[in-house]
């Protein structure tokens, strides 16, 4: 669902949809789904003492992640944007170590190094260095947004596990999406992003906007409800098959293709992160 959501987002952006409107729509649908679950499950609206500030931080981090991710998707082929974002398990492992968690083993460091080499290949860095203009003016910005989205997501996952474990998963997810929704409204009113609230130019843009909202709302709700049970610091790489799906969907819907060397680099990235996950699980 996440892969199809990102392809839908690129379809929407290519047909005039504003960045903030896309994030607003997807967070709004997620809020409706989560609020329905919250009411049906008869959950209590309660947070432990001191949890409110951490909940707000997570909401702001997911806001940053959402805007950065879609900014990358709008500038890069979808699969490359997702490969960048899916480096978040590496960033999460390093963040956990920096904040007092276990130090990555030598084997893990070697795997991380291999993943980074694969990422350099899939980004076609040699071609960019040889002729930056050929890669397009938005290439470097797209890379930066993709890595920023990964970092914001890794931080949100760490806080969720270490500071908000006592908060009900449905309530936590609902408050997170409400924060994103309100932030997008404020951003639109303040004109934070030029054209950020622009409506789609045609029916293809509307289809992309509606699909991204429905797909993301469902996928995000499922992910954050099950985060405590998945132990994301160890098993976050389970999501790294998403770029594989996006490669197929991106080709069928958008006609986006990578070169053979980039495909090989992408396989190294995905395979490396899966191996990293399995090695940590032992």
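Glycine is no exception: its Cβ is also placed from the backbone N, Cα and C atoms.
Pulled from TrEMBL:
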DOMAIN    6-123  domain 'EamA'
TRANSMEM  20-40  transmembrane segment
TRANSMEM  52-72  transmembrane segment
TRANSMEM  78-97  transmembrane segment
TRANSMEM  109-127  transmembrane segment
TRANSMEM  139-159  transmembrane segment
DOMAIN    141-277  domain 'EamA'
TRANSMEM  171-193  transmembrane segment
TRANSMEM  205-227  transmembrane segment
TRANSMEM  263-279  transmembrane segment
DSSP on the domain 'EamA' (6-123): how many residues come out helix, how many strand, how many coil?
92 helix, 0 strand, 26 coil
Long-range environment of the transmembrane segment (109-127) - Cβ separation under 8 angstroms, sequence gap at least 6:
80, 83-84, 87, 90, 93, 134-135, 143, 258-259, 261-269, 272-273, 275-276, 279
In the same chain, who gets a Cβ under 8 Å from the transmembrane segment (52-72) while lying at least 6 residues past its ends?
6, 9, 13, 19-20, 22-23, 26-27, 81, 84-85, 141-143, 145-146, 148-149, 152-153, 155-156, 159-160, 163-164, 167, 172, 175-180, 183-184, 193
With the transmembrane segment (171-193) as the reference, which stretch in 20-40, 139-159, 263-279 has the largest tally of C-beta pairs below 8 Å?
20-40
